[in-house]
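Annotated in Swiss-Prot:
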| type | residues | note |
| --- | --- | --- |
| DOMAIN | 108-316 | domain 'ATP-grasp' |
| BINDING | 135-194 | ATP binding site |
| BINDING | 274, 286 | Mn(2+) 1 binding site |
| BINDING | 274, 286 | Mg(2+) 1 binding site |
| BINDING | 286, 288 | Mn(2+) 2 binding site |
| BINDING | 286, 288 | Mg(2+) 2 binding site |
C-alpha cells in the first residue's frame, strides 16, 4: 500500500519505521531530508509541509492510497481536508477538528460547553484593562497562553517563566497587542504526563503513558523546549499514577471524542492529552491533535502490532486493537548547543551507528540533513528499551556517547533520581499512592 507521510522530525522517523515494518510502501514530504526517512522512503519530496498544493501534487504523482500526518502545522493548514477531497484518506483530524490544538480558546470553550472532565478555570480577553483588572481580582497565580500554535514555547506560568502576576499582565498585554486575544488560566500544581490515543471517531484505544522533560537543562530548569526526552514504564502507567488516575484521564479523551462527533466535527487520528496530575486528580493542560515528539518514539518502540493496519482501521472507522509490549522505554534527545534560543546550525556531527546498535540502543533522526548537518532544532534521539526503566535508561545513556559534535543532552532523563523527584512532588500535594519505580 502506498502511504504518504507528511513531516521529517524524530516523531516522523519513528512513524515511518513502524509503517514500513507493517508493510507500507513509504513516500515522504518534508521541508528537509531526514537521513532515517531517506532510507525508508521510495521517494522523498522536499516541500513546505504546510504547502497543501505541493503535498497534493506529490500524492497525485505517486498514486498515494493513505496519508499519515506527523506535525500540527499542516493540520491547521487543512491538509486532511484537501487530501480527502482528492479521495485520499488521512490519519489526522480535519482543520475544524484540529482546533482542539490549533485554537486554545476554542478548545477550552468546547470543554466547558460539553462538561468534559478535567477542565481548568479560564478567561479569554481582548481588552487590556479588563484583563489587568481580572488578574488583580483573581489574586492567585495564573498561566498565560497565546491562542494559536507556538510549538509548545509560547505558554508562560507564574512561578516558572513569569515572576509574578505583574509580569503575567505585561506578557498578556504583549499577546493582546500582537494577536488581538489572550487566554488566561488558573495555575495547576502537580506533575505533567502524556496520554495518547488512537481513534476512528468512535473507538478509543489508549497507548502507554509517557512523561516528557520539557526544560532544556538538567534538574528541570531553563527554557521550555519541544522536549528533551521522555520515558514510559513496562506496566504502561507511571510511578506516581494509579489505575484510577489513568482511567480519569482516559475518560477526558473519550468524552472529548464523543462530544466532537456530536458537534459535527468527527475526530480521527491520534489525540494526545497533556495532563497535570494535581492533588485532586488529572487536569487537562492542553490537547494536541497528533503524536507527541518525543512521546511517539516511546510508544512506537513498544508497539506490538501493525501500525499500517491501525492506520487503515482509523480511516475506515473499523479500529479494533493495538497491543504494546510490557517494556520500559527511555528517549534522550540530543540538541545543538544554544538550543532552543540560539542554536548552532550548519555544523556536521558524527554518529557511530554501529556503536549505538551494539549498545542495544536505537537512533531516531530529527533536525539534521542527509549529511548530518545540524539544522537548529533537536538533532536526533537515542532510544533504550528494556524490562526495567533503569536498564532502558542505561542503554540510552550509553548510546548517547557515540554522537560527537557541538551538542548537549539531559543526562537525567529517565533516571531514578528524576523519577523520585516527581513522586516527592505528588506526595507533598497530599496524593496517596503506592509508587512503582517501573
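For all residues, glycine too, the Cβ spot is worked out from N, Cα and C.
When the Cα of residue 175 (ATP binding site) is compared against those of the binding-site residues 274, 286, 288, the shortest separation belongs to 286. For the binding-site residues listed here (274, 288), the lowest count of other CB atoms within 10 A around the CB belongs to 274. Within 10 Å (C-alpha to C-alpha) of residue 143 (ATP binding site) lies none of the binding-site residues 274, 286, 288. Averaged across the domain 'ATP-grasp' (108-316), pLDDT in this predicted model comes to 96. The CA atom of residue 135 (ATP binding site) is located 25 Å away from the CA atom of residue 274 (Mn(2+) 1 binding site). The Cβ of residue 143 (ATP binding site) has 22 other Cβ atoms within 10 Å, all protein chains considered. Ranked by Cβ neighbours within 10 A across all protein chains shown, the binding-site residues 167, 286 are led by 286. DSSP assigns residue 135 (ATP binding site) to a helix in the three-state reduction. Ranking the binding-site residues 159, 167, 183 by the distance of their Cα atoms from the Cα of residue 286 (Mn(2+) 1 binding site) places 183 first. Checking the binding-site residues (159, 183, 288) against residue 274 (Mn(2+) 1 binding site) with a 10 Å Cα-Cα cut-off leaves 288.
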